[in-house]
Amino acid sequence: MKVAVFGLGYVGSVTAACLAANGHDVWGVDVDTAKVGPITEGHSPVVEPGLDELVAEGVTAGRLHATTDPRLALDGADVSLICVGTPSTSSGSTDLTYIRRAVRDIAEAARMVAPPASGFHSIVVRSTVPPGTVDDVVERVLAEVPDSGDFTFGTAMCPEFLREGSGLADFYDPPFVVVGTRNPKVGTALTDLFGFLPAEVQVVDVRTAEALKYACNAFHATKVSFANEMGRIFRYYGVDSREVMRIFVQDTTLNISPYYLRPGFAFGGSCLPKDLRSVLHLARLNDTDLPLLAGTLTTNELTVRDVVDRVVAGPGREIALLGLSFKTATDDLRESPSVELAERLIGKGYNLRIYDAIVNPSRLVGANLRHVRSKLPHLQRVLTADPVEALRGADLALVSATDSSAISALLTTPPARTIDLSGRLGTEVEALPGYEGVGW
């Protein structure tokens, strides 16, 4: 396969050299001769362990080239990989100037050179870009250069996950290879191009692929900040936070795992809110700030508020709330976000019917009973053990319950509108008219 790589910084240079090493005819393109020159002479333009040797091998074998002329790279090329910079502007937005320039260079060069044998060329963004960039920027630029000669273009997002200093190792052993495209031909081309890597090539929606890189980097930054906030507070109590975190990461069921990493409704219960407030109180006692953890409580509150706002923005006053406890298989209502949600909606004049498979007001005791009496003093009157009864006459269902009775009731007597708070109701419920995910 002939591959054009636009941008010869860390990502582009590593990508070009590795693909050349796998037998492809790779042409790197950059406007900066300080990057093109070293490659043509068999050297890496950037400092990256092992890259200098790999570039030399590719150039010697005649599989790796570099140029400032996009036409040389596009002539007969099957794929263009865009690896240009996407720096932040002063406002924090992403500067897509180089993305636009690269796409325009590709489209204009295509008018003057021969297409690949198939006539089809995949334009693939590897740079980190906001969701919607391929649709709203790449496709728009292509539309502005309508005469692409004998080329037919398809577009995609295939985010890179390379770290400076371990770029080669990261390329050859990626956490995943994700191709976001709506064009099956592009999916096939990139599956062939990256099929030698150990990770399975996953073809997904283009915006999912664009968002994935942001999710990864945001989470990595959050992990660093979380560990630093633990150190900031625990040092006041003579605790070596390094030892705490050494043990912390040994829990691969909850701490370091997919658990809790599904978008959905707010957290609650007798432990998480209470203990988070306690840690923040310790910080105040020691005159220090833990903005990440403080923001966690703020985000939790906003999650409840957002659902209330969505209810208020829609029609109808009759609401079925399916699921009341803070998680399944318990009747613990302490600090349940569903209880908070019910209280706020009742306070706004909505009529609620509530279903929960386990909660029985006559069996609530202690702090659990006191909490529900303070929040929902008339729970007995609005609670039912029958989800069909809760849904009868409802304009809207708010659903966190995932038991078979609740799902069956939704399928047989669906309201005009359903807001899924769990993301685990299944494809049949998601196919209902009026279905909405709380965060998807």
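Glycine is no exception: its Cβ is also placed from the backbone N, Cα and C atoms.
Pulled from TrEMBL, these are the features on record:
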type	residues	note
SIGNAL	1-16	signal peptide
BINDING	Asp30, Lys35, Thr86, Thr128, Glu164, Lys274, Arg334	NAD(+) binding site
BINDING	Phe161, Leu162, Arg163, Glu164, Lys213, Tyr260, Leu261, Arg262, Pro263, Gly264, Gly268, Lys327	substrate binding site
ACT_SITE	Cys271	active site, nucleophile
DOMAIN	320-416	domain 'UDP-glucose/GDP-mannose dehydrogenase C-terminal'
Item to check | Whole-number mean of pLDDT values that fall within the domain 'UDP-glucose/GDP-mannose dehydrogenase C-terminal' (320-416) | outcome: 91
Checklist entry - Against which stretches of its own chain does the signal peptide (1-16) lie, if we need a Cβ under 8 Å and a gap of at least six residues from its ends? => result 24-30, 32, 35-36, 39, 44-46, 48, 51, 55, 58, 64, 66, 70, 73-74, 76-85, 98, 102, 105-106, 116, 126-127, 160, 162, 164, 167-168, 171, 189, 192-193
Checklist entry - Between Lys213 (substrate binding site) and Thr86 (NAD(+) binding site), what C-alpha distance do you get in Å? => result 13
Checklist entry - Helix, strand or coil at Lys35 (NAD(+) binding site), per DSSP? => result helix
Item to check | Between Gly268 (substrate binding site) and Lys35 (NAD(+) binding site), the C-alpha gap once rounded to whole angstrom | outcome: 53
Next on the checklist: Give me the count of other Cβ atoms within 10 A of the Cβ belonging to Lys274 (NAD(+) binding site).
Outcome noted: 11
Item to check | Structural state census, the domain 'UDP-glucose/GDP-mannose dehydrogenase C-terminal' (320-416) (DSSP three-state) | outcome: 42 helix, 14 strand, 41 coil
Checklist entry - How far is it from Lys35 (NAD(+) binding site) to Arg163 (substrate binding site), counting Cα to Cα, in Å? => result 19
